[in-house]
Amino acid sequence: MSVSELKERHAVATETVNNLRDRLRQRRLQLLDTDVARYSSAQGRTPVSFGATDLVCCRTLQGHTGKVYSLDWTPERNRIVSASQDGRLIVWNALTSQKTHAIKLPCAWVMTCAFSPNGQSVACGGLDSVCSIFSLSSTADKDGTVPVSRMLSGHRGYVSCCQYVPNEDAHLITSSGDQTCILWDVTTGLKTSVFGGEFQSGHTADVLSVSISGSNPNWFISGSCDSTARLWDTRAASRAVRTFHGHEGDVNTVKFFPDGYRFGTGSDDGTCRLYDIRTGHQLQVYQPHGDGENTPVTSIAFSVSGRLLFAGYASNNTCYVWDTLLGEVVLDLGLVQDSHKNRISCLGLSADGSALCTGSWDSNLKIWAFGGHRRVI
Amino acid sequence: MPMKKKMKEEEEEEECGECLFAEEYDGPPLSYNIPCALPINMEKIPVAAVVSPVCISDNMSFPVIQPILAVDSLGKKFLVPSSVSPTSVIDNCGSSELELVSDSITVSPEEEEEEGDEDCGLSSSGELLLLRSCSSVNHQESRTLDFCDSSVKENELSNPLVPDWESNESVLSMDYPSSRVTGDCCVSETNGDGKKQQVVTFLGIASDDDGFEEEEESCNQKRIRVVPVKKEPQTKGKKGSCYRCFKGSRFTEKEVCLVCDAKYCSSCVLRAMGSMPEGRKCVTCIGFPIDESKRGSLGKCSRMLKRLLNDLEVKQIMKTERFCEANQLPAEYVYVNGQPLYPEELVTLQTCANPPKKLKPGDYWYDKVSGLWGKEGEKPYQIISPHLNVGGPISPEASNGNTQVFINGREITKVELRMLQLAGVQCAGNPHFWVNEDGSYQEEGQKNTKGYIWGKAGTKLLCAVLSLPVPSKSTASTSGEQHYSANSRSILDHLEHRTLQKILLVGNSGSGTSTIFKQAKILYKDVPFLEDERENIKVIIQTNVYGYLGMLLEGRERFEEEALAVRNTKQCVTENIPADEGDAKSYNKTVYSIGPRLKAFSDWLLKTMAAGNLAVIFPAASREYAPLVEELWRDAAIQATYKRRSELGLLPSVASYFLERAIDVLTPDYEPSDLDILYAEGVTSSSGLACLDFSFPQTASEENLDPSDQHESLLRYQLIRVPSRGLGENCKWIDMFEDVGMVVFVVSMSDYDQVSEDGTNKMLLTKKLFESIITHPIFEHMDFLLILNKYDLLEEKVERVPLTRCEWFEDFNPVVSRHRGSNTGNPTLGQLAFHYMAVKFKRVYSSLTGKKLFVSSSKSLEPNSVDSSLKLAMEILKWSEERTNICLSEYSMYSTEPSSFSN
């Protein structure tokens, strides 16, 4: 078979795939008689209302000297790890707002960090294409540098996101600029499986984010620059379980809905979307109205009930709180007192949902808690 | 400046109005001269005292003080509490503000304080008033903090020490609705604000009487010439109470802010000081320099904090408190031999083997020869490391002696003289001694050492009695070292952070960024590659060579087929007689045929390569197959193929370098040389980021060029090489490099006839990348240096392949002189091509950004060429730094420059 013949066949196949995809989209549109917001407003639901003091900044974590890029909470709810461009990981006690560890990284260009489920170690990754794991119990040497306890190297592009598999300290999933996600065995430092890449049907551009389902730890979602999100099963790495189309820009962030059957995405096209993993349908688009220019979504998080969606945007210090049911913005954290002074780059809820932490390019992290009677939404 | 000359030459090659550029390069020398033209004169220093009106004592004897006296007298007037004359402007506004206060106060719990308030407010001489207006701004921020923190105030009843989410929330929920009622009814937003502000701010003037006096005292004592702006705490509580909850008395345990002296009780301290990114400071004081009188307590933790926080947290706070930049001793407050120190000098002083203890702002004298160190006007206090290049020359009356005996040009004090006499030194006739660091002394103008001051055992005891310093040999060697590693490292660390200049190295793959990076590593690092790095590199090189071999073998197969095909057709054409058996065998043999054993190896190698796991089986394979490789390489067929290597498209040009030495390289005990590493592909991973910290080693010529350049040794550079992949328009990580000083874009000039996999010209791809990077918003104000790399290859190639092969370079028609080569004055075709490309890129750059581009050519395999390119980068960085200085200070003088820059 000659090269030209192969090329021809490839072109034909691509065409077919595109046709099928288009038909699928058409079909989905036909089936889509309503979305969440329309349905619930028809049911007479009203949006959550926020008073001025319902969500207040109760702690400011100062100590980084560069942009904060990533943060993660421990499951036992009072500690936070943050990664910043000053080349440090800082572990905070969220209650006292003090640091407990400051880890100087060998490579300052860090993009992501994660707490292990038992809270004993932290992982981080960045432009060095390596996911490094630091044990918090190891003692620092004279210069105050904590030794790397494990290097997970094997990615051929920057490590954009990492997350521990819930309740498994030995397993970690990373996403990377080399278009793959990798499940690692932390104890051995070896790859358990690779999702996507050359010989498999995976993402066709940089993978920017992963989120592991809380209800079924075998499932995880990845979001990518090919403007799709994909659902994977860690037991079957060969191909994605499902691919979710819909976004018109890079999918910067994905996050599982608390029930584990839905997930949210945030994208460069300025929208957040809610997808159902069982039907593959897009349930809702969250698009701020007005002023044409779409500001990319940098990071999202759901409240424990899933009623609220917190989304950080790339412009100024905008951070909208969406009512997921009605698709309306109910609060802008950027306009609340004590808000950040620069882009909010990452956010996350504590495990019990009582507090939200936001990290910003103004080098601070802030913890927001519900000030009103309503404790947790 | 050879580099500048070179640049100028390049500029002159350009056409149309480029002469402006040439002017511009006359700039730097000018600007160099200006800073060093300022001689720091002893006589001039007292003039600087004008800035600090507060602390000038009455016995000022300088003739310059006319205006200061006025201020001083004003200040004195204020100091008398009741005799306030309401004439001056300051007074007026002060009193009016106070009136405001008394208006707005409805319930004031501390009436007796009000009078005190007035005193303090007025007694401060202008400065404080200014500060007060600042602090009102500050307070606007802090007010909100109070607002949501009010929970804790009430919280403290239940469990003040361990704030918890639950309690916090519950209190919040109780607290908020009630507090909202007062001020937050959206209509009277401003109204509410205003009210709050008044209440909070203007009551805040009340400062501790004690504190104020203390400050006055310390100022007089230290005679600081540059007075740090001191922040005043704000309290509305009673004397001695917590500054936040106004509870407690003088005797309750409290934590003090290092900047403003505010005191907080244990339940408030965490709220008032937040996460303490710079140690124990109020949230509003973060970023301000600490009160110098509290320097001693830096890093010393109180019991209260230990109780409130766990060990790790306390450790972190104390660490940041000691080492964060804002808390370091400001260099300009330390005067050595009458000169304020530069930050670099201070670091030298602090990081030397035997640093002065308890360095505080103030005047010191330092005898560089013997290492004697003391406060100005006093006897020596310590012997520190000698020969440090800090401060000015020592003056004879540095220690205010009157004994007519001189040591190293300093008239010594009586105590010292007594010591010398008791130590058995002949001091008759007012001699001038020359004392070295080891204590050996000689009379000035004589060569022979007369003895050792510290030689006698009794001398040290004597010194102890007279409280004179003795050299500390033991500390210098052991504990001094320790000190260095623990303490000074961190000081250096934060300093490094400040002086580190980052250079971003970008370029398409194959442009030679990695070679430049490796070259820089070899050039500027003492140990460019560690042992295990070399081991890795060895494996990489060997794997590469197997790869090259594989390509050769692939080529061999192709050539063999071709040769056979050619021969077959030939045979068919010439004669139709079928060949017999024996013939067929020899007949199928061509120059490119190899034996069966080698054939098997070749098949195996090609198979592993095709499977893509060549890297996996190494280095195990190298041991096993090395002998085979030798045989293979010696085989005539391979040599024949190698001769036709130019036809093998995949084989990179560096392959021949390694293939010719394949036998050496593939032996197990092969050790790569620096040159091998330079040639090797894939040493710096193409996917990851690599960075290198370095400083330019000083050359002799540079050292005597400019004395102020001495500090440059501290200037450190970081070369960051980023992968070219994904560097397009929507790059997700490019904004991490916002803080780089400049971008070095590398272009391979020999790429003009190369075609990438998808059929576009590589030079056009480079142009595209270049355009997308220079127009990226985060590089908007960045300087760019274009390195046109692989000049050697270009020179060679341009003779064979016309530059016009690339469509972007279509209009390249150089005027080539017929006598090329014979006449050295004429540029070669390579030079012409280089200048042409430079101009092309410059045009693109200036049309897109409106700025001008710096260009340099280089041959990345030649150390000198890379060195000069990187030095050029350094020059540009320095120049752009000075340019901002000039623009700030003497804008009018250089007003022509911005216009020339906008070209």
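Going from the start of the chain as shown, residues are counted 1 onward.
Note: Cβ is positioned from N, Cα and C throughout, glycine not excepted.
Database features, via TrEMBL:
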BINDING   B:Ser514, B:Ser686  Mg(2+) binding site
BINDING   B:Asn789, B:Lys790, B:Tyr791, B:Asp792  GTP binding site
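All features noted in TrEMBL, drawn onto the structure.
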residue	record	Cβ neighbours (10 Å)
B:Ser514	Mg(2+) binding site	25
B:Asn789	GTP binding site	30
B:Lys790	GTP binding site	26
B:Tyr791	GTP binding site	23
B:Asp792	GTP binding site	18
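Rounded to a whole value, the Cα-Cα separation of B:Lys790 (GTP binding site) and B:Ser514 (Mg(2+) binding site) is 13 Å. Within 8 Å of the centroid of the Cβ atoms of B:Asn789, B:Lys790, B:Tyr791, B:Asp792, where the record puts GTP, the same chain has further Cβ atoms from B:Gly512, B:Ser748, B:Met749, B:Ser750, B:Leu788, B:Leu793, B:Leu794, B:Glu795, B:Ser857, B:Ser858, B:Lys859, B:Ser860. In this structure, the C-alpha atom of B:Tyr791 (GTP binding site) lies 16 angstrom from that of B:Ser514 (Mg(2+) binding site). According to its DSSP assignment, B:Ser514 (Mg(2+) binding site) is helical.
Rounded to a whole number, the C-alpha distance linking B:Asn789 (GTP binding site) with B:Ser514 (Mg(2+) binding site) is 12 angstrom. When secondary structure is read from DSSP and collapsed to three states, B:Asn789 (GTP binding site) falls in the strand class.
Cα spacing between B:Ser514 (Mg(2+) binding site) and B:Asp792 (GTP binding site): 17 Å, rounded to the nearest whole number.
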